[in-house]
Amino acid sequence: MIALALPAQDSGEFNPPGIEEMHLPAILPWGAADGFSKQMLLVILSVVIIATFFLLAARKQQLVPGKLQFAGEAAYGFVRNSIAKDIIGGKDFMKYVPLLFSLFFFILVNNIYGAIPLIQLPSFSHVGGAYVLAAIVYLTWIAIGVKKNGIKYFKLATVPTGVPVYILPIVIPIEIISNFLVRPVTHSLRLFATMLAGHLIVMIAGSGIEYLVMQENILLKGTSVLVLVGAIAMYMLEALIMALQAYVFTLLTAIYIEGALHADSH
């Protein structure tokens with residue numbers, strides 16, 4: 001991906017990569033599939049990778065698990081216990097483990113693409129994918145709330161308990177905007193913006209290193225070493241953030257579900 005950004009033109013000026021580098025052309029030769037880009041291919045590949053791994057991990061279950069079975073059980077246990085059970089709790093949490101499990105590993109794999117050489121493109125550096133996931137969570141949250149509480153859920157979600165009546169005209173519009181308008185937008189943009197910004201910084205650093213190495217000035221060539229060290233540190237930090245964002249997105253989903261299930265007690 002970094003190689004897509006050519007830093008030097010004939011004028012010798014440094015031209016850093018921009019957001020447009022994230023919008024790749026279609027990878028198929030015919031016009032009927034103009035929307036099928038590298039991101040779409042990676043998304044499909046992520047489903048295959050996740051399904052293959054967990055099918056293999058669960059294929060031959062043993063009392064004393066092998067390495068693959070142990071890894072699969074540990075991955076499942078992390079989402080089940082550390083997110084679903086801890087946040088949702090009660091007897092209802094198991095219903096939502098498949099959703100949370102799928103979200104976590106789908107986001108994780110698509111984010112980790114950005115740290116893999118030759119791929120180096122997190123799928124959610126394009127906002128479309130993040131919007132789709134946030135929409136799924138948003139509709140699920142509303143459906144759970146309505147199923148649990150009926151149509152009065154919309155009142156429970158917008159009229160906080162214990163608030164003086166004279167303050168409600170101010171609080172209710174804020175709650176409506178916060179819960180039904182801002183929530184899905186921030187849920188998606190948090191993932192998209194983090195992936196875009198982190199990867200863009202790494203791209204700029206890579207382009208800067210190439211530009212500095214090509215200069216005749218020895219001081220500029222030496223500076224490229226410092227930029228390289230910084231780029232490596234940023235690369236490692238971005239890999240950590242990739243995993244963290246998968247956790248944060250899934251954790252917020254669990255919090256929304258818990259809120260829908262227990263809206264009458266909030």
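Cβ coordinates are placed from backbone N, Cα and C, and glycine is handled just like the others.
Features reported for this protein in Swiss-Prot:
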TRANSMEM  38-58  transmembrane segment
TRANSMEM  99-119  transmembrane segment
TRANSMEM  126-146  transmembrane segment
TRANSMEM  162-182  transmembrane segment
TRANSMEM  191-211  transmembrane segment
TRANSMEM  224-244  transmembrane segment
* Asked: Is it the case that the transmembrane segment (99-119) and the transmembrane segment (224-244) have 3 or more CB pairs under 8 Å, with pairs at least 6 apart in sequence?
  -> yes
* To do: May I ask for the residues of the chain that lie six or more residues beyond the transmembrane segment (38-58) and have a Cβ under 8 Å from a Cβ within it?
  => 24, 27, 68-69, 71-73, 75-76, 105-106, 109-110, 113, 119, 121, 123, 126, 129
